[in-house]
Structures are given as C-alpha cells and as structure tokens.
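Annotated features in TrEMBL:
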type	residues	note
DOMAIN	279-445	domain 'Helicase ATP-binding'
BINDING	CYS507, CYS510, CYS547, CYS550	Zn(2+) 1 binding site
BINDING	CYS516, CYS519, CYS534, CYS537	Zn(2+) 2 binding site
DOMAIN	542-710	domain 'Helicase C-terminal'
Amino acid sequence: MNIAKVVVDVPASQTNRVFDYNIPDKFTDIVHCGMRVIVPFGPRKVMGFVLEITDHSSFDKLKSIDDLLDVTPVLNKELLELGKWLSNHTLSFYISAFQAMLPQVLKAKYKKEFQRKNGAQLPKELETIFAGRDFVSSDEFIERDGNYRLLQRMIEDDQIDVLYHVHSRETIKKETILGLAKEPRVYAEKIETLPKQATKQREILAYLLDQGGDVSQKRLIKDLKTTRATIKTLIDQGLVKETKKEVYRNPYKEENYKRTTPLGLTEEQTEVIKPIWTSIDQNEHEVFLLHGVTGSGKTEVYLQAIQKVLAHQKGAIVLVPEISLTPQMVKRFKGRFGSDVAVLHSALSPGEKYDEWRKIQRQQVKVVVGARSAIFAPLKNIGIIIIDEEHETSYKQEEHPRYHTKDVAIHRGEVHKCPVVLGSATPTLESYARAQKNVYRLLSLPHRVNNQAMPEVKIVDMRDELHAGNRTMFSRTLKEAIEERIKRKEQIVLFLNRRGYSTFVMCRDCGYVLECPHCDIALTYHRKQEKLKCHYCSYEEKMPSACPSCQSETIRYFGTGTQKVEEAIQELIPTARVIRMDVDTTRKKGSHEKLLNQYGNHEADILLGTQMIAKGLDFANVTLVGVLAADSMLHLPDFRSSEKTFQLLTQVSGRAGRAELPGEVVVQTYTPEHYSIQLASKHDYDTFFQKEMSMRKKFQYPPYYFLTLITVSHPNQVKCQEVIRTISQLLMKHLAKETKILGPTPSPVTRIKDRYRYQCMVKYKNEPKQREILNKILVVFESDIQKNDLLIQIDLQPYQLM
Ligand SMILES: Nc1ncnc2c1ncn2[C@@H]1O[C@H](COP(=O)(O)OP(=O)(O)OP(=O)(O)O)[C@@H](O)[C@H]1O
Ligand SMILES: [Zn+2]
Ligand SMILES: [Zn+2]
C-alpha cells in the first residue's frame, strides 16, 4: 500500500482526475484518505487530496509525495464520496468540490518564488529585477513586468529555480494555563519566606493552592485584579509553571443562554412530528415538507425532532438562511441543547469558524446550526437534516460548485438513512409540487400556536394616494395605524424591499409596468441608452416619455433607500422612535444583535429595515407591519418574481400579532390587483400555488421544465458572441428536439469589470445526456479557457437570472 491516488489543485479538465504518487517510506502508515498533501506537478508543487491508497498503479515511474498538510484527514470517507458526487452533479472540478466542503482557513494559499541558483549570472533584463538578490517573489516579478520567456529559459537552463511555499492560514488559539510548579505541601513555607510587600504574589499562590489545579491566566488576572508581571516573578522563581493549552474561540458562550425545556406540543404539532419520529426510529430516509404558517411553531417541531435524534446518540444538521441566522435563532438552539450545539455563521471570524468546525470534526458536538455551507459539516452519524425556510434562494450557491443545498441534504440523508425536513410557510413551487406527487411527504401546520388569528392585511392603492394629493411615501392608512400603535405603546415593523429597485419603469399614475411582449417579465431600464430591454430574449424598445396606458407623464423608474424613509418618518411623526436596520447600521460585529435587543426592550417604536428583518423575528409586542413598496420585486426580470413577492409578503406579515395581541398589516402597492399581493393578503398559499403553477405551465418554466443557464464572458465582445453562438449551435444539434434554447442574448448585466457577458438558456423536460454534452463543450473550449481568459459558467437549476 504505497501508492496514493491524489486529486491535485489545478482546476482544469485535463487534471480533473486522480494522479498516482509514491508514498515515501517516512510517510508509510501516516498518509490516509482525506488528507491534504503537497505533490510535485510538472515543474510546480501543488496541494492535493488523497482519495485512495492502493498497492498498484498502471504507470511505472511515479513521483513521490513531498509533504503532508494535515496530520489527520480533513475529509472523511463519506465527504470524499460526497465531493465526487457534487462535482459530477454540478459539473465542477473535483478540487473545487472538495475545497467547498472545508472551512476557509483550511484553503491553502501558495506563494511562488524564483531563486537564483549558485550565484548564477543572469541576463541583464532579469538581473535588474533580481538586483543582486537570490530570491524574487512571483508577485514582484509580475508587478515589475518581468520577461517570462527569458525566465522560462533560465529555468530550463537550471539557472533559476521555482519554489512553492504553501501557506495554510489555519490558526489554533492557545491559552496560557497556570499551575503550581512544586508539590503543594512546600508552599506553606514558601509563602512565609516571600517578602512582606509581596501580597499579590501570596494571593496568587493561595489562589492556585485553593483551586488545586490548573487555572487560566486570564481568569486569575481577572479574579485577583493582578498583572502578568506579578505572575512572571513567580514563574521566574520556579514557583508557578505555565503551559499553553489549545482552546476554542467560543463566540456563543453557553452561560449566556438560559436553558429551556420542551414545550407541550399542540395537537397539530403532535400530528406532524409523529412521522418524523418514526423515520428517525426506523432509520429510514424520507423527505418531509413541513408547510406551517408563520408562527405555527415549526421551530419547536425541529427542536423536539432533534431531541429524539440525540436520544439515539446521533447528530443533527439545521440549516437556516444566513439572513435569519439571528441571535434569536441561535438562542433557541443553544437554549435547548447548550454546548452540544456548534454554530457556523458567516459573521464569525475565520478563526472562530475553524474552531466550531473542529468541534464538529472531533464529534464533540451533536447539533450543527448554520447557513448553506454547514450542509458539509463533518458529522459522522447524522440522524436528521433540517432546512428551515426552504424557499430561500440563498440555499443555492452562486459560485463553483453551483450546488443547491437541498440536493446535497437529500443526498446525505440517503447515505445516512435519515429524514430530511424542509420547512417553510411558503414552500417553493418545486417542493410543493413534489409533495403533491408524493415524492416528498407533506406535513401541515395550518394554524398558529394557540390558534391566534393570522393578522388582518389591508392593501393600500398608492395611486389613490397620489390622486388625493398625498405625495409622501406613507399612505394615510399607514400613518394613522403607526400613530395609533405608538399611542398604545405597541410596536411596528416597517419593511422596505430594496431588491429590484430602480430597474423597472412604472407609471405612478396608473401603476402600469412595461413588460416584454414575449416573456412575461418586466423590461429593464438602461439609463445610458434610454432604452428598455428584455433580458431573456433581447427584445428592446425606446424609453417612452408618456405612459402607454394612460398617457400620464409620471412614468419613471423606481427607488428609495431606508435612510430617506427614516427621514420621512421623522418629518411625519416626530415623536416616533426609530431603529433602522440595514447594511449600513449592521456592518459592525454584534450590531445586529444590539439593535434587536434594543428593539426587544422597547427602546424604539419602529423597526425599519430591509430583507434582514423579514423573517425569523419573534417579538410579542409587534402588532403592526407596514410594507412600503410591495411591488418592487414583482417586476424583476425573473420568472420567479411573483413567487418571491408572495413569499416575502407572507414572511413580513408573519411578524405581526404572534402573541396575545392581534396583528395588522398594511401593504402599500401600485398594483393591488396582482394575484401575489391579493393572495398573500388572504394568507392563501393553496390558491397562489394553483395560479402560479398554471402560469409556469403556460410559459414553460420550472417546475414543469428544467433550466440550464450558460453564461460566457470575455473582455472581447466579438469573441464572447462567437463562443456563445457556437455553444447554442452545439446544444441545438445534440440535445433533444423538444428542448428549447433561448438566446443567445446579452446577460442582464452585460458588462462586469470590462468583461462582456452573453448567455443562453436551455429549457427541457428530459435530457439524460445533457451533462455529457456540456462537459464536451467545456473540453472544446478548454484551451481558450486556460490561455485566453475565456469563462464559461454552467448553472444547472439557476436561481440568479440577472
Ligand atoms: N407547543 C407550544 N406551546 C406554546 N408555545 C409554543 C409552542 N410551540 C411554539 N410556541 C411558541 O410560538 C411562537 C411561534 O413559534 P415558532 O417561532 O416556532 O413558529 P415558526 O413556525 O417557526 O414561525 P416563523 O415561520 O414565523 O418563523 C414562539 O414564540 C414559540 O415559542
Ligand atoms: Zn422577452
Ligand atoms: Zn399610466
């Protein structure tokens, strides 16, 4: 067993396979599958993952492994298999798939250096760069525009060497631990002989004797109000010894969370948890879709399902969208399961994330709560995987490997023979359609806990406000409702949807929005050319000066920011106390939590914010939710815009009236008749589902059809157009006759950082050979990709269509 099969960190299709390496004697029995190694590859040294260890190779001259990056494997067998599956599933390289599963600090960086060998005399051009030195970093070489051809010749002539340093950013935090250096009994005498004025030193010794063991220096300094200098004198006298101990950075201190006990489940909760418990008990994989209205107690169902899993000595993964991984959410899990919980959150520092990851890796925790990438948590014995708010698009990773978390979860669920629970008040059409076909098992919580009523929703037509002479951003209804709540000392959530602003053009007079006659999506405004364009089919028209529907001249594109809204409130209702939550006010670490705490303590009447306040918040005193512009997302150039609008309105409305006090919602819109606004206001998911499904069927979108989005980008526009044309021709030729290929067309954002972008979209029902064909296309363009700066992105199941 002295041969390792290694996937190398060279993302290209020729290298997307395993290479055989010799395991040198010194590493025999030390190298294991799932470890990262340094291997020679051509003239370079690269990192690689060991996938397999065997005793035979079909090649006879093998190079040897140079070095090991890990002492223990960073990927276990299951994750190695998962990586292979992921790479195949998303059409990405093995190496990208493996890297995606690791915490950031384990992603090694390389530093390249050129070394002059044995004082060699270099050509003048290079000598000016080396300037008498023996080493020059590759960065400096590039910066000073060094001649690569010359460099290459010198390397071939053995005058210059290329060195690779691999830097792992992994950092382990150490803590200083103090203890007694001698037998305890000798201290009585020692304390006597210390100088009289050394009271602090005496105190320290007494403290250590009292603790009878090792104490963290930090704690001792705090408890005794002493200094490091005093401790140092004792160490120097050989009375105290210090050691370094590896510790975890723990951003979520357990003692900060009050322990909670399971609540008595309601009848509905009891009904839905039964089949989940059965699946856990019987070790059977099944996918459940938990459709529960806002405030129906889904989280309590998750908690008690996990409790069952823990009783079986297994672990759980709970995924929540980044944006709703709020302190409140963490509190609920830490409160129930204490130090058994690891939290993986993007707001943690890389070091903190690494520590949480190591706790999981060492199986020291049982429950992992985290955002998207937590689906790769290295838990060995998974008993349940839960995806909360399963409709959230952030579950789709928008860079290599372009995976959807749901697919990964279901795959791992199959491997571990455990249930996967997808929870939402507004499931995606895809999931609900699957539940209707019994691919998933549907579980419903149609009522709020304790049967509180769903909040009453009032739709306000903003066109009427304009006609009545109200030009502010607050309707009369909303203004009165706010004032009333402030008087009653109740609280208000004001939601401003920032997504989709200033892309579409709307008539303020009649609410008319310009749409593509072929694609049923809003046209996007291009300011420079004064044109409106469709980003699916390239249809375009001139920006009109008057509304095509009512001739009014108030037609323009749409937009405002939270800061402006805050000013407007202050002007309109000067007594209102407002907390504004947006990217600006939450940039600093911990500010998110602080603002929510202030709001929870009723230090403000109004919580004003964007997407980040739409979900997950559970404040009993909130009785009014105002939605300032319900339409803004409705007109995004995206076939899911109605669905997203329905989901968002339902989520925000769900923040009102969650406890005893009844809730009310005011939705301001220019298109009150739109079905997603009407049905969200009636909390009518079922009708929305029927209606939206019929639209999807008519326009041939998912879940009736599958989509693949192919985007090509290159600095040269002509090159870009050529490539995308060739790709769509190849697809046309090789894919099924019934399959449609839309485009090629410029991408919605046509140029990013001086690179042109063109796309085409494949719409299909069944294409078993698609992956194979796409892979072949990538090979056709391989040399352009490697050498000519061409980028081809393939997104199977795209969510981001911009
Ligand atoms: N069985 C129960 N008995 C009493 N209170 C409960 C019970 N289950 C849940 N609750 C409480 O009801 C409130 C709403 O529950 P929870 O937040 O779990 O709902 P949810 O369905 O996750 O809501 P959302 O989708 O809106 O976030 C919470 O304050 C929770 O503590
Ligand atoms: Zn169109
Ligand atoms: Zn009009």
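Sequential numbering from 1, following the chain as shown.
Backbone N, Cα and C atoms are what each Cβ position is placed from, and that goes for glycine too.
Any TrEMBL annotation is an automated prediction that lacks curation.
Annotation note: CYS507 (Zn(2+) 1 binding site) sits in a strand segment as assigned by DSSP. On its own chain, CYS510 (Zn(2+) 1 binding site) has ARG463, CYS547, SER549, CYS550, SER552 as residues at least 6 apart in sequence with a Cβ closer than 8 Å to its own Cβ. The Zn(2+) 1 site is set by CYS507, CYS510, CYS547, CYS550; from the centre of their CB atoms, other residues of the chain with a CB within 8 Å are ARG508, ASP509, GLY511, TYR512, PRO548, SER549, GLN551, SER552, THR554, ILE555.
Only CYS550, in sequence order, out of the binding-site residues CYS516, CYS534, CYS550 have a CB under 6 Å from ligand 3. CYS507 (Zn(2+) 1 binding site) sits 18 Å from CYS534 (Zn(2+) 2 binding site), taking the C-alpha atoms as the reference points. The secondary structure of CYS547 (Zn(2+) 1 binding site), as reduced to three states from DSSP, is coil rather than helix or strand. CYS516 (Zn(2+) 2 binding site) is surrounded by 21 other CB atoms, counting those within 10 A of its CB over all protein chains shown. Every protein chain considered, the tally of other Cβ atoms within 10 Å of the Cβ of CYS534 (Zn(2+) 2 binding site) stands at 23. Ranking the binding-site residues CYS507, CYS547, CYS550 by other CB atoms within 10 A of the CB puts CYS550 at the bottom. Per-residue pLDDT, averaged across the domain 'Helicase C-terminal' (542-710), gives 87. Ligand 2 lies under 6 Å from the Cβ of CYS516, CYS534, out of the binding-site residues CYS510, CYS516, CYS534.
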